[in-house]
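Here the structure is laid out as structure tokens; the discussion comes afterwards.
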Amino acid sequence: MAVEETDTQVIITNPSDPNSSVTILKYGATVISWIYKGEEKLWLSDDAKLDGSKPVRGGIPLVFPVFGKCKDASHDTEPLPQHGFARNSTWQFLGQVTESPCAVQFGLGPEDVDQELYKKWGKGRHDFTLVLTVTLADDTFTTQIEVENTGASTFEFNWLFHTYYRVEDVTDSLVTNLMDSTCYDQLLATTYQEKAPMLSFHEEFDRIYKKVEEEKHIQIVDKGKVLVTLERENLPDAVVWNPWIEKSKGMADFAPKLGYMNMLCIEPGHVADFITLTRGEKWIASQKITPFGEIRVQTDIYSV
Ligand SMILES: O=P(O)(O)OC[C@H]1O[C@H](O)[C@H](O)[C@@H](O)[C@@H]1O
């Protein structure tokens, strides 16, 4: 069977390759595993809580309606906790939508969110439907989100796929095609133009790359081999994160303690500013991940 549902999760197996599968936890509709040809591609902490007691440390947590902690006291999302409420709500499994490639959907509405938490967003007046579609094709894995404003009040939100990739050694990993983008370094609290043709990782890293052109495919390259080619639709910003030693030590659910060496987050989103949806409007975005590729150098000046 290509799609198997248990009480807590949904597993999709590629009918043409039993060694390729995706596991999605209903809690947070969090993808917790993507195995391609027998190899796990996502990083999941050994101490990640999968029982709904806190957001999952690893896989692909979903960030909505706010990225980080909103610092603008007058904004609707300000009372919400870091990264909002989608990653810590249990989504409804809506079923399989296509057979080939195999795709499943999950839905979230205000009724699925802890009411105390939900009321922190615009005093509970925003009505919305989120539909997540997870598609496992032979050589690609796609997560797509549709946000619909089903209420009377206009709302503003951020979206982000907080994707944790598994890498063999992060000090050997390079990330391409963010050169020339405007970057906000969250650790230094400064904005500058990225000049490095490839990013490398030797210390804590937490940056938001803004308005990265859709034609640019962000890649993770390890010793000349492309581990990930990432295509984005409607997700102009990309957060790149590695907590390194001290920060990961401070996270109770982060294990093993040297795990930061084996992970790298590339998080496509719309976080540099808010998306506005008026009554009845819909917004759709997706990330498509290919676990290989040719190295492509795409700068603002030339593209190879
Ligand atoms: O610990 P969490 O709430 O899951 O956040 C984990 C990380 O998410 C993003 O990558 C942010 O840029 C980081 O600043 C944050 O530390």
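Placed from the backbone N, Cα and C atoms, the Cβ positions cover glycine too.
If you check TrEMBL, you get these features:
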ACT_SITE  H162  active site
ACT_SITE  E267  active site
BINDING   R57, Q82, R87  substrate binding site
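Projection of TrEMBL feature records onto the structure.
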residue	record	CB count, 10 Å
R57	substrate binding site	23
Q82	substrate binding site	12
R87	substrate binding site	21
H162	active site	23
E267	active site	22
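Spacing of E267 (active site) relative to Q82 (substrate binding site) is 15 Å (Cα to Cα, whole number). Close contacts with ligand 1, defined as a Cβ under 6 Å from any of its atoms, occur at Q82 among the binding-site residues R57, Q82, R87. A distance of 10 Å separates the Cα atom of R57 (substrate binding site) from that of H162 (active site). In the three-state DSSP reading, Q82 (substrate binding site) counts as coil.
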